[in-house]
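Undergrad: Sending over a structure as structure tokens; questions will come in a sec.
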Amino acid sequence: QKLCARPSGTWSSGNCRNNNACRNFCIKLEKSRHGSCNIPFPSNKCICYFPC
């Protein structure tokens, strides 16, 4: 199943530096399949992955 990336709507900890925390946020709070930190300049974002 294809997953589509979407910035977390609940991440409020500023720059994302902890993949495990981001993944837990996405799975538990946003009901996504996966989550990880995306590192584009100028800020790191927590990205959640949902079924498309």
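In case you wondered, yes, glycine gets a Cβ from its N, Cα and C as well.
Pasting the relevant annotations from Swiss-Prot:
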DISULFID  C4-C52  disulfide bond
DISULFID  C16-C37  disulfide bond
DISULFID  C22-C46  disulfide bond
DISULFID  C26-C48  disulfide bond
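Context for these features, please: burial, neighbours, distances.
TA: Classification of C4 (disulfide bond) by DSSP places it within a strand.
In the shown protein chains, 22 other C-beta atoms lie within 10 A of the C-beta of C16 (disulfide bond). DSSP classifies C16 (disulfide bond) as coil under the three-state reduction.
In this structure, C22 (disulfide bond) is part of a helix by DSSP.
DSSP gives C48 (disulfide bond) a strand state. Around C48 (disulfide bond), the same-chain residues at least 6 positions away in sequence with a Cβ under 8 Å from its Cβ are A5, R6, P7, S8, F25, C26, E30, S32, H34, G35.
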Undergrad: So among C4, C46, C52, all listed as disulfide-bonded residues, which is physically nearest to C37 (disulfide bond)? Use the C-alpha atoms.
TA: C46
Undergrad: With a 10 Å radius around each C-beta, find which of these disulfide-bonded residues (C4, C22, C26, C46) has the fewest other C-beta atoms nearby.
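TA: Sparsest of the disulfide-bonded residues C4, C22, C26, C46 by Cβ contacts within 10 Å: C4.
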Undergrad: Let's check the environment of C52 (disulfide bond): how many other CB atoms sit within 10 Å of its CB?
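TA: Step by step: centre on the Cβ of C52 (disulfide bond), count other Cβ atoms within 10 Å, giving 8.
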